[in-house]
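Asker: Take a look at the following structure, please.
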Amino acid sequence: MTIALAAPDVPHWPLYVFAAFAGASLTSFACLAADRLPHQLGWRPEPQPDLTLCHPPSRCDACAVRIGWPYLIPVVGYLLARGRCAHCGARVPPAYPLLEALGGGGACAALAYFGFAWTGISAALLWLVLLFLAWIDWREQWLPAVVTQPLFWLGLLSSPFSADAMDRIQGAFGGCVLMWLAMKVVGFARRADLVAGGDIALAAAAGAWLGLTALPLFLLVASLGFLAYAWPLRRRGRLFVPMGPALALGWIAAQWALPAWRAVLQGGWTW
Ligand SMILES: [Zn+2]
């Protein structure tokens, strides 16, 4: 299926500007969702029931005063306010503008790499969803099923990264089983129940979107990524280290390397 956003002779820069703004704005909303979803869905031990995705409008964490619209513009708002609340002067975490820049930049990079068509749009949207999942898991040790499960089913139904339905089904099954097994083995060695449904759902979703062919690449990068940040954190005495950021990293790496990986396996692959 080919849905082209722009003919080759039309300048692409307006689309890049749009993708950067949309990506950063959606990431800004994702940061708010990472803040409020654990309350709305009762994940927190003491949820605040009045905090939902739609209400109240964005407000300062310190003084609860509503944030004025110029300061809501992604990245620019942070720079305008010099990283502080315009009302009370409390510091705004620099992670927010950084994530917004990553969201906008990654969406543009996905379009540039995968093209201005369905594959590129999917890659940009997946980048934003994975950025959200990595962030919420890092903050809350939680991969919400309201996101991972639809993500899994969508990939299983159709994916521009693996046209073969059987490859996607086997990928989903492989991701699910291997993640469950890995958790069982590590849990047995450490005498703890480490099986986490969110991580299994995310690994299955990666397998569904990318197919069995990409699974070794996904698992390799995810494992190495996890070791890279889990090992120093464990040494500092942290008991539970979230796996979501590593799984998201493995997914992105495998997805971006997939054309080259297929060429290595069978030669001459093009999208
Ligand atoms: Zn304030």
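In case you wondered, yes, glycine gets a Cβ from its N, Cα and C as well.
TrEMBL entries are annotated by machine, without manual review.
Residues or ranges marked as transmembrane segment by TrEMBL: 15-34, 111-136, 142-159, 171-189, 201-227, 239-258. Sequence annotations record features per position, and here TrEMBL assigns domain 'Prepilin peptidase A24 N-terminal' to 22-108. Sequence annotations record features per position, and here TrEMBL assigns domain 'Prepilin type IV endopeptidase peptidase' to 125-229.
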Asker: Residues sitting near the transmembrane segment (111-136): Cβ under 8 Å, six or more positions beyond its termini, same chain?
Answerer: 1-6, 12, 15-16, 19, 23, 26-27, 30-31, 33-34, 37-38, 99, 102-103, 142-144, 147-148, 151, 159-161, 202, 209, 244-245, 248-249, 251-252, 255-256, 271
Asker: Residues sitting near the transmembrane segment (142-159): Cβ under 8 Å, six or more positions beyond its termini, same chain?
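Answerer: That would be 37-38, 41, 43, 122, 129, 132-133, 136, 168-169, 172, 196-199, 201-202, 204-205, 208-211, 244.
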